[in-house]
Amino acid sequence: AAIMSARVNPAVSVECCGYPVSIFFIVVNEFCERFSYYGMRAVLVLYFKYFLLWDEDLATSIYHAFVALCYLTPILGAIVADSWLGKFRTIIYLSIVYAIGQIVMAVSAIHDITDTDRNGTPDNMTFHVALSMLGLVLIALGTGGIKPCVSAFGGDQFEEHQTTQRSTFFSVFYLCINAGSLLSTIITPILRCMVDFFILMSCGTAR
């Protein structure tokens, strides 16, 4: 009887304001992920042209190949989640992959790694290109892989009778996706210009 009762009455999730606490983490995580992804994309072609010194055709081609890969990897994420790991573990593992990809991309943009003579120009551009491509592949795998899992995992947090809360969650969830995307495409280029300005000012002061 106790076993049957446990099956009929699932554990009650911790709630805040009538919503499962877990969905607040899901919404914030999705906002941050979208902000990070679209912020990186907003300056990616500039990075290709002015750091890796690619011509416009190559920079545009690699950019579109990366975007296409980001929209192909959700198929892989869905297969992994449904067949092996489940939604939660897929989100956790691929989020780690995504974070590693962003770190690799950031490291690839550091001049001093290969600038041995300290003239402001990397001495081994092949190393930076390889790191950049590795970072982009990891980012595409991470951001695309979790795409089919996050919204479904958020919906799973609600009980059957919480239809109103579930509907509100999806509205807020997609609002945060669009807000993160919009804000990052506005803020990231501004930050890039500010950083370039401060670097120039610092160089001028040093001289």
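Note that Cβ sites are derived from N, Cα and C of the backbone, with glycine treated the same way.
All TrEMBL annotations are machine predictions without curation.
These figures come from a predicted structure and were not determined experimentally.
The feature transmembrane segment is assigned by TrEMBL to 35-53, 65-85, 91-113, 125-146, 172-191.
Stretch with the largest number of CB pairs closer than 8 A to the transmembrane segment (91-113), among 35-53, 65-85, 125-146, 172-191: 125-146.
Of the recorded ranges 65-85, 125-146, 172-191, the transmembrane segment (35-53) has the largest number of C-beta contacts under 8 angstroms with 172-191.
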